[in-house]
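Each remark here refers to the structure printed beneath this line.
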Amino acid sequence: MTTPTLDLAIITGLSGAGRSTAAKCLEDLGWFVVDNLPPALLSTMAELGHRSGGAVSRIGVVVDVRGRAFFSDLRAAIAALDARGMHPRMLFLEASDDALIRRFDHVRRPHPLQGDERVVDGIGRERALLAELRGEADLVLDTTDLNVHELRSKIDAAFGQPGANRLNATVVSFGYKYGLPLDADLVADCRFLPNPHWVEELRPYTGRDPQVRSYVLAQPGAQEFLDQYAALLRLVGEGYAREGKRYLTLAVGCTGGKHRSVAMAEQLGARLAADGVGVRVVHRDLGRE
């Protein structure tokens with residue numbers, strides 16, 4: 001039996017350069033992230049990952065090596081992992097002195113190495129201490145001019161998997177008489193279409209049934225609505241992707257959540273899937289009557 005491959009990433013760098021943000025980005029990509037792990041425990045963490053049988057295949061570790069002893073421990077831990085055939089990738093985050101000073105001023109906290117001196121003194125001390133480690137990093141990111149979304153994009157490019165950045169949409173049909181879904185990002189109202197409930201031969205069926213679906217889609221404005229709303233969702237989806245938002249809940253409503261909203265939700269879900277969006281269609285109120 002083949003042992004599952006373990007991907008190990010070490011996040012380190014200057015205080016205030018974005019280590020915590022980078023860790024959150026890895027978590028959003030599905031990594032198991034441990035903050036401020038002592039370097040001496042890296043091998044133990046890697047072993048636990050191997051023993052998980054693939055349940056934990058990507059581990060990110062935020063390492064603080066401001067102490068000289070921790071610096072030596074980190075180099076020894078990486079050497080031990082290399083000897084076992086595991087080659088962790090190291091991400092080093094840095095920023096300009098001006099940017100770091102502004103960030104510490106914004107959070108109103110002292111630099112951990114400034115002591116009784118100024119923030120800039122602590123930054124200089126840490127920069128000198130970590131200079132050698134920076135030279136050994138696999139990837140150095142300067143976050144001086146990066147906002148959170150731009151940093152996320154760079155982390156995605158370096159550590160994401162194919163398809164990890166795609167938008168995932170949950171399309172929820174619902175009945176207005178039961179209330180709007182609380183988690184909806186966007187709401188589409190299909191009550192402008194004639195209600196199949198008032199067509200006696202269609203009343204027992206739902207929007208999943210072909211006779212109701214055909215009736216709804218044949219109504220004036222139905223296809224135009226689908227075309228224009230799908231175009232809107234493409235635009236919104238692209239914007240969400242740029243902003244690092246990967247999950248969208250689209251609510252599609254009619255009076256009772258049985259006919260029109262169900263048929264239209266199925267159609268919108270199919271169009272989103274054709275555009276490469278991960279889609280799950282849920283009919284919240286189907287069967288409530």
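Yeah, the Cβs are placed from backbone N, Cα and C, and that goes for glycine too.
Taken from Swiss-Prot, the feature ATP binding site covers Gly13, Leu14, Ser15, Gly16, Ala17, Gly18, Arg19, Ser20, and the record attributes it to sequence analysis. Sequence-distant neighbours of Ser20 (ATP binding site) (same chain, six or more apart, CB under 8 Å from its CB) are Asp35, Val62, listed in sequence order.
Packing around Asp64 (GTP binding site) is summarised by its Cβ count: 18 other Cβ atoms lie within 10 angstroms of its Cβ, all protein chains included. Among the features that Swiss-Prot reports, GTP binding site is placed at Asp64, Val65, Arg66, Gly67.
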> In the structure shown, which of the binding-site residues Gly13, Gly16, Gly18 has the fewest other Cβ atoms within 10 Å?
Replying inline: Gly18
> Counting every protein chain present, what is the number of Cβ atoms, excluding its own, within 10 Å of the Cβ of Arg19 (ATP binding site)?
Replying inline: 22
> Which of Leu14, Ala17 has the fewest nearby Cβ atoms, counting only those within 10 Å, among these binding-site residues?
Replying inline: Leu14
> Whole-number Å distance between the CA of Asp64 (GTP binding site) and the CA of Ser15 (ATP binding site)?
Replying inline: 9
